[in-house]
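According to TrEMBL, the features are:
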ACT_SITE  S67  active site, phosphoserine intermediate
BINDING   D14, S67, D404, H405  Mn(2+) 2 binding site
BINDING   D360, H367, H423  Mn(2+) 1 binding site
DOMAIN    7-458  domain 'Metalloenzyme'
DOMAIN    168-260  domain 'BPG-independent PGAM N-terminal'
Amino acid sequence: MPEIKGKVCLIVHDGWGVATEPGLEGNAIETGSTVNMDKIGADHRRQRVLAAHGTAVGLSEGLMGNSEVGHLNIGAGRVVWQDIVRIDVSIKKREFHKNKNILESFRHTKLGAYTSSDWWAGFIFHLLPFILQPIRKISDGGVHSYITHMYALLEAAKEQGVPHVYVGTLATIVGRYYAMDRDKRWERVKIAIDGLVGGVGAEAASAVEAIKKNYEVDMTDEFLKPIIVNTDGLIKDDDTLFFFNYRSDRMRELVSVVGLPDQPIEVAAMTNVLAEWLAAKGVKQAHIAETEKYAHVTFFFNGGVEAQFDLEERHIVPLPKVATYDLQPEMSVQAVPDTVARVVESKVHDFAPGYVLNADIHPQVGHTGSFDAVVRAIGATDAAVGTVYAACQRAGYVLLVTADHGNAEQMRNAATRAPHTAHTCNPVPFIFAAAALKADTEGADEEPGALCDVALDIMGLPQPEEMTGRSLFVRK
């Protein structure tokens, strides 16, 4: 085992961006208490910003980042081109239209249409569960799905002769709070399934009018209970369900309930991501997070691999069981840093990445649009940073603090002053506590895999050839 020159603790905030200018309305970070974050980054040589959206993290140009993409790139040490980009390329090359799984879905649908005695009684091809943005458009945000992918599916269906393709026809609408849960709140998923399959919900002649009425009573798109617009579109036996959201973490529960059996699949995973490389070098590491964000510091941080590497510990801190996290914006924020501090002060582990924050808490505080709740969360998060910082100082760890994307720095729409509940394309901070190092501020903000290379630099470990970034540190 090589000699470790320095131990590293990494804090990844979720939804803590850097605003384009000071004093903007709706900046919960600027409004909240950030004493500890300010203290650590007070020396300008100990901080800089990093791009966390678009091509910097393997997304299409101009797309906002998200938690999964952020952690995946941090943990991989290279730009990881996301599924949305791969799908976009396959559509341009028309490989998408020839995909065997897509063609098989169409074949099954056509078989039902041709064998049924009634033209309208054949198998139905359902496209779900794309994100419906507030009234105006199906998702062009690129977080869960993308509207051009739906267009390509409809185009391919027409080319393959799938009958009765209805463009602009909605059957059932239900919010992602129910249909896209990822915290094993099965009672929420049941509400979505009852609507999609059983037609249990509020009936409406117009989807747009139904959503408008819900908005008038502050029931926004995330929290919509099933709205049944067309009962002919309910899911029935032998129908084909095509889930074209590419975010697997938000699809798992719904897909498992509607009947997809576990299948052995061939996985092409990345090699020599940070956690794997450290394990190969005999480095002990501990990954720590709340239940809602557990997958981010394990599955995504480890390159999309569920398996636990050698010498890797995992610590899960339970979340409070509340309806929405603006009711308890602090969440389990102090329990997480207490766990991180305990791990650090044990001095057993050389690397300890932890999810400490609650700035975004998707789909929690940041996405509720509650400014006051996010301000409270910022204060609690900053206190958590103070706890971990103190432990690192006592135990001799280098503390690195960054974020996976922006959100809390922009809680108001500048033009309409309405609540802004989405992620942003703002850069994220990178601050650190290491007396012998200063930040290299030369070059572009987009540093592929920079954080991974920083950790290896501090530890004195070589960088695997798969990692393409460079260290952001300059030794004094």
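Just so it is clear, glycine is given a Cβ too, placed from its N, Cα and C backbone atoms.
Look at H405 (Mn(2+) 2 binding site): DSSP puts it in a strand. If you measure from the Cα atom of S67 (active site, phosphoserine intermediate) to that of D404 (Mn(2+) 2 binding site), you get 6 Å. In this structure the C-alpha atoms belonging to H423 (Mn(2+) 1 binding site) and H405 (Mn(2+) 2 binding site) are separated by 7 Å. Summarised as a single figure, the pLDDT of the domain 'Metalloenzyme' (7-458) averages 81.
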